[in-house]
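S.K.: Before I ask anything, here is the structure I am working with.
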Amino acid sequence: MLYFLAETIFGFICQYVPIGFWNGYSPAPTDRYRRLDLKSSQGFRAEPNLAPLPTTKPRRERYYGPNQIIRAPLDYLLSIPGKDIRGKLINAFNEWLQLPDDKLAIVKEVINLLHTASLLIDDIQDGSRLRRGRPVAHEVFGVAQTINAANYAYFLQQERLSEIGDPRAFHIFTNALLDLHRGQGMDLYWREAVVCPTEEEYIRMVIYKTGGLFRLALELMQVQSNSTTDFSELVELLGIIFQIRDDYMNLQSGLYAEKKGSMEDLTEGKFSYPVIHSIHAAPENSMLVDILKQRTEDNVVKVRAVHYMESTGSFQYCRENLARLTKQARHHVKELEVSLGPNRGIHAILDLLHVQQPNEKPLV
């Protein structure tokens, strides 16, 4: 009985005593949200909004967080320097397109933020632990906040397109995001279903995924210039070269391993370019597929896998194809230089992506 009485009194206080009363706020006689009305048959008459709330600054930031909190996973990864190959590529193509600095800055920011957002999602989907030698963002901020920051970046850059002032930019941006997700979907399917793609399927995935941001950068630049030159084949080649080299270096380079995590593609179960070649080179041997299924972090096992890929000639195959693709790319650049003028920037990027053959002298 006493419990019921106390509960009733507490409910009455919560409903009918002004909020300000508990904060030392002294309301005027009319400052009540509900007033006793002796003339009403119900005894009480609701009078909402009779009293204005005390004039205080909004506390919204306390609950939702300022922009810095929403962006925190993005800014964390942005603070860790990467290769910035996309920024170099934008500068290189601008030797031909000649955009002013303000227009170029928009393209650079859109590409940089989209790339960073895609890395945040990739690291979650791949179960990565390191990115550029530091703990991945979702290990620091949590998965939910990291996903939210990545999605926020997509829409933030979509809004930025209005500064370009060309309706084609939105269409270009949308197509690029669709391509990125198509490529990522193919990559994830092969890994999760443990299905080894053909080399042709892999190249198609790379054109969607890695080449997608390269194409987006160039097309956003072109809508702001008077250029009608078709750069698509060159951009496609650059994307393929970049990704094959990235796959190669993940398994071969000690410096790269220190920064990203030793032979991380094997831990992720990824069908990278040398892995695909090795599996198809000896389909009767299931060792490499078995190692990928394990998602192992054991370096001894991963080194064994790398040695096996050496035995199937897979790394040599990567080097030979990279040399062939680079030769094609340089040929395209020289053809374009006839009408557009010299472009030292793209040649410098191809030099940067060069992988030495055994016994080859380093590029000067």
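If you go along the chain as it appears here, the first residue is 1 and each next one adds 1.
Keep in mind that glycine also has a Cβ here, set from the backbone N, Cα and C atoms.
The isopentenyl diphosphate binding site annotation in Swiss-Prot covers Lys83, Arg86, His115, Arg132. Residues or ranges marked as Mg(2+) 1 binding site by Swiss-Prot: Asp122, Asp126. Swiss-Prot lists Asp122, Asp126 with the feature Mg(2+) 2 binding site. Residues or ranges marked as dimethylallyl diphosphate binding site in Swiss-Prot: Arg131, Lys209, Thr210, Gln243, Asn250, Lys260, Lys270. As annotated by Swiss-Prot, Mg(2+) 3 binding site applies to Asp246. Feature annotation from Swiss-Prot assigns site 'Important for determining product chain length' to Tyr154.
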S.K.: For the residue listed as 'Mg(2+) 3 binding site', which of the recorded positions His115, Arg131, Tyr154, Thr210, Lys270 has the nearest Cα in space?
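M.R.: The answer is Thr210.
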S.K.: To the nearest whole angstrom, state the Cα distance for the pair Arg86 (isopentenyl diphosphate binding site) and Lys270 (dimethylallyl diphosphate binding site).
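M.R.: The separation of the Cα atoms works out to 23 Å.
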S.K.: Any idea what the Cα distance is from Lys83 (isopentenyl diphosphate binding site) over to Arg131 (dimethylallyl diphosphate binding site), rounded to a whole Å?
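M.R.: Their Cα atoms are separated by 12 Å.
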S.K.: Report the same-chain neighbours of Thr210 (dimethylallyl diphosphate binding site): residues 6+ apart in sequence with Cβ closer than 8 Å to its Cβ, ordered by sequence.
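M.R.: Gly183, Gly239, Ile240, Phe242, Gln243 - these are the non-local Cβ neighbours of Thr210 (dimethylallyl diphosphate binding site), listed in sequence order.
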S.K.: Could you check which of the binding-site residues Asp126, Lys209, Lys270 is the closest Cα neighbour of Arg132 (isopentenyl diphosphate binding site)?
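M.R.: Sorting the binding-site residues by distance from Arg132 (isopentenyl diphosphate binding site), the top entry is Asp126.
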S.K.: Hey, which of the binding-site residues Lys83, Arg86, Arg131, Lys270 is the loneliest by Cβ count within 10 Å?
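M.R.: Looking at the binding-site residues Lys83, Arg86, Arg131, Lys270, the Cβ with the fewest others within 10 Å is that of Lys83.
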S.K.: Looking at the binding-site residues listed here (His115, Asp126, Arg131), whose Cα lies nearest to that of Tyr154 (site 'Important for determining product chain length')?
M.R.: His115
S.K.: Please tell me which one of the binding-site residues listed here (His115, Lys209, Asn250, Lys270) sits closest to Asp126 (Mg(2+) 1 binding site), measuring Cα to Cα?
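M.R.: Closest recorded candidate to Asp126 (Mg(2+) 1 binding site) by Cα: Lys270.
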S.K.: Do me a favour and check the Cα-Cα span between Arg131 (dimethylallyl diphosphate binding site) and His115 (isopentenyl diphosphate binding site); whole Å is fine.
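M.R.: Spelling it out, the Cα of Arg131 (dimethylallyl diphosphate binding site) and the Cα of His115 (isopentenyl diphosphate binding site) are 13 Å apart.
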S.K.: Which number gives the other C-beta atoms within 10 angstroms of the C-beta of Asp246 (Mg(2+) 3 binding site), all protein chains shown included?
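M.R.: Excluding its own Cβ, the number within 10 Å is 19.
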